[in-house]
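**Q** I'd like to ask some things about the structure below.
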Amino acid sequence: MPHAFPFLTPDQKKELSDIALKIVAKGKGILAADESTGSVAKRFQSINTENTEENRRLYRQLLFTADDRAGPCIGGVIFFHETLYQKTDAGKTFPEHVKSRGWVVGIKVDKGVVPLAGTNGETTTQGLDGLYERCAQYKKDGCDFAKWRCVLKITSTTPSRLAIMENCNVLARYASICQMHGIVPIVEPEILPDGDHDLKRTQYVTEKVLAAMYKALSDHHVYLEGTLLKPNMVTAGHSCSHKYTHQEIAMATVTALRRTVPPAVPGVTFLSGGQSEEEASINLNVMNQCPLHRPWALTFSYGRALQASALKAWGGKPGNGKAAQEEFIKRALANSLACQGKYVASGDSAAAGDSLFVANHAY
């Protein structure tokens, strides 16, 4: 066993830990606004809006400038590269504006999924090349955390051992590079909801993947107190004939996390995985009411589940800005309560119950 060669000073560790704790402070979660230009195209298509840089700026400005009620609900915002360099109508860069609200600025740094040869349609994630230099630049440009998504899918033959090992190593490598630059890495090993597998199978696979990932993070000397985990909730496959209760989903999820995620990790920020807005809030709420001990904050890092109703209300029309912001604030408040186990389902919004599932989801 070789000696450790510490690559982080106590001050660097403190900075990372402070950032992570700020993002998942009580009642706070993450607004994932890091959809790629291609993903925004799909969202805008659904509201008959042209996918131009200006329309993307206007839409994200609506989210970032929602009134003070949203303030205490959001701990961090994940940006897409383009958005990082856009400005508000008042001429402030988006990162400056977001920071002025006390929200931490984050950036998606992966370059998307690519096929993994010799597997049954499995993938790995690219983007490690040049990441060291990009992190240095992003830190200068105001980013304090980052996100990297890996994708695994459940079939009778997958995820394979190769796919698990490869993706976990990529996540660990990314995490250690971020930490060298004072950036908190969010590690996202998403297990897709596609398939007809039951809840037990998802739980089993989630446990195996998370165990492998934390082993890889340890092998790469990643400082866990300065990381966050962005996992899928443990749900059955979308085509599974059996429908499980929110309580069953919460118990399966918290059990899987308790078996694999070290208590040193400050927070777990769930992805919504195509659940409806309401479902994503209810499941998060029930997890925070779960009778099992939870040593980490359980909160949200939602994209569609914070934005779907807002996007619909906006419809690409300048006059609908206020209505869109109201819908966004409604979801932000709901999830802020849910991550404290205090949410009472309302079910009043038309779009909130719509399923947001997209098969084989790629950002």
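Even glycines carry a Cβ here, placed using N, Cα and C.
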**Q** Which of these, Arg43, Arg56, does Swiss-Prot list as part of the beta-D-fructose 1,6-bisphosphate site with Ser272, Gly273, Gly274, Ser301, Arg304?
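**A** That beta-D-fructose 1,6-bisphosphate site, as Swiss-Prot gives it, pairs Ser272, Gly273, Gly274, Ser301, Arg304 with Arg43.
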**Q** Tell me which residues of the chain lie with their Cβ under 8 angstroms from that of Arg43 (beta-D-fructose 1,6-bisphosphate binding site), as long as they are six or more apart in sequence?
**A** Glu35, Gln307, Leu311
**Q** Where among the binding-site residues Gly273, Gly274 do you find the Cβ with the fewest other Cβ atoms within 10 Å?
**A** Gly274
**Q** Between Gly274 (beta-D-fructose 1,6-bisphosphate binding site) and Lys230 (active site, schiff-base intermediate with dihydroxyacetone-P), what C-alpha distance do you get in Å?
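**A** About 14 Å separates the two Cα atoms.
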**Q** In whole Å, how far does the CA atom of Ser272 (beta-D-fructose 1,6-bisphosphate binding site) lie from that of Lys230 (active site, schiff-base intermediate with dihydroxyacetone-P)?
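**A** Here the two Cα atoms lie 10 Å apart.
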